[in-house]
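Some features that TrEMBL has for this protein:
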BINDING   148-152, D189, N234, Q281, 369-370, 384-386, L394, W416  cyanocob(III)alamin binding site
DISULFID  C22-C257  disulfide bond
DISULFID  C161-C200  disulfide bond
SIGNAL    1-18  signal peptide
Amino acid sequence: MGLLEVFLILLGGLGALATETCEIHLDRTLEAGLGRRLLPRLHLLSAEHLNPSVYLGLRLSGLQAGAQEALYLQSLKLHYTQTLLGTDDGNSGRQAKPSMGQLALYLLALRANCEFAVGRKGDRLVSKLKRFLEEEKKAMEEGLTPHTSYYQYSLGVLALCAHGKQLHHSVPHRLLHALEHGHLPGGVDTAAMAGLALTCLQRSGLKHHRLGPALRSLREDILRAQTADGHFGNVYSTPLALQLLETEHSPGLGAVCSQAKAALVSSLQEGAFQNALVISQLLPTLNHRSYADLLSPDCQAPRALLEPVAEPPEPHEVESSRVTLSVPSRGYRQSVQVPFGSSLMDVLLKARELGGFTYETQPSLSGPYLASVMGTEAGDHQYWQLLRDPNIPLLQGIADYRPKDGETLELRLASW
């Protein structure tokens, strides 16, 4: 074999090892359709509807909503300062306080507009988030798991990193420790959020010999979680996973992300993306941005103006749907009739009106969730699981899932 043949073989081998990027390009019509689903949310300015992830997703996308964006950000600022810091108007005590995960998203929303949390109020909000992380870190040191979740812990680390705030070395250490010892429950979305937080720390100049291996491990975990249809974990954890993968260059990544793109297009056509949080996580990916980019955001990049479009009503043959609601642990089973297209939340409300059924909800980053059913509260590391007969867990929440006529839905207290 001559030297030329040997060189060509080596060159071919090097080509096979060439790194690839993860890029998701969708048809502009599909992308704009996703963005328009967030437009109605920008007009809901009451405290219970304000969601910083909506603003964050639009600012990191290639789309914009014009002057309504500025009004929405101003409403967010008023809400978070009033509820978390208190004001003299007497209203702060009557409003539900945002969670620390929501505070972290709010701080990220500020960075998406190239703003820092400054001044006395900004410093106090940052201090609240730092105290939250310290309390969670202590809980992990004592019992391995935080009071809330590793997702919210990672989100808090990411927000402070994006604002250039110095963290005590023990805060990222606890996250790295959990990763290295297999104590990071929560699935693909938690792994992706942890990865984005560590990516931000790495870009900020943090020197730690464990950062690189931890990030590689997280990306490998996400790649192993890709399903046969192309999603990472499931359709709703895929957007955040793609945000992390788009920060990476590695062999074979292009083919993996092409498969994910095909799965996303199929899911979009089936109407899977209705939740504002999931849409806000997907839009940056389509613009080749991630939450980690908020360390140095580009606020001058051009964005296409979204124009509202009246969508035709979905065709259907029936005016109402009959859904059976079941809580086996309490011996409850009731047939409920609701208008066609109603959400599971509407079914629960109707069941309560009929009598014999009670429930309570709590707000979360992705929408309301069941905190109590028929007097039984979900305790530590417990949750009310939603299942569709026969024993199929729902991937959507109570505000997003729309039961079909004739379905049976079960509420089951489960542990994690």
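Any Cβ shown, glycine's included, is placed from N, Cα and C.
Quantities reported herein were computed from a predicted structural model and do not represent experimental measurements.
Overlay of TrEMBL annotations on the structure.
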{"residue": "C22", "record": "disulfide bond", "contacts (Cβ under 8 Å, 6+ apart)": "L242, L245, E246, E248, L253, G254, V256, C257"}
{"residue": "T148", "record": "cyanocob(III)alamin binding site", "contacts (Cβ under 8 Å, 6+ apart)": "S99, M100, G101, E136"}
{"residue": "Y150", "record": "cyanocob(III)alamin binding site", "contacts (Cβ under 8 Å, 6+ apart)": "L175, A178, L184, P185, G186, T190, A194"}
{"residue": "Q152", "record": "cyanocob(III)alamin binding site", "contacts (Cβ under 8 Å, 6+ apart)": "S99, M100, G101, A104, E136, P146, L365"}
{"residue": "C161", "record": "disulfide bond", "contacts (Cβ under 8 Å, 6+ apart)": "L167, A197, C200, L201, S204, L295"}
{"residue": "N234", "record": "cyanocob(III)alamin binding site", "contacts (Cβ under 8 Å, 6+ apart)": "V188, T227, L395"}
{"residue": "Y369", "record": "cyanocob(III)alamin binding site", "contacts (Cβ under 8 Å, 6+ apart)": "T361, Q362, Y383, W384, G397, I398"}
{"residue": "L386", "record": "cyanocob(III)alamin binding site", "contacts (Cβ under 8 Å, 6+ apart)": "L344, L370, P393, L394, G397, I398, Y401, L409, E410, L411"}
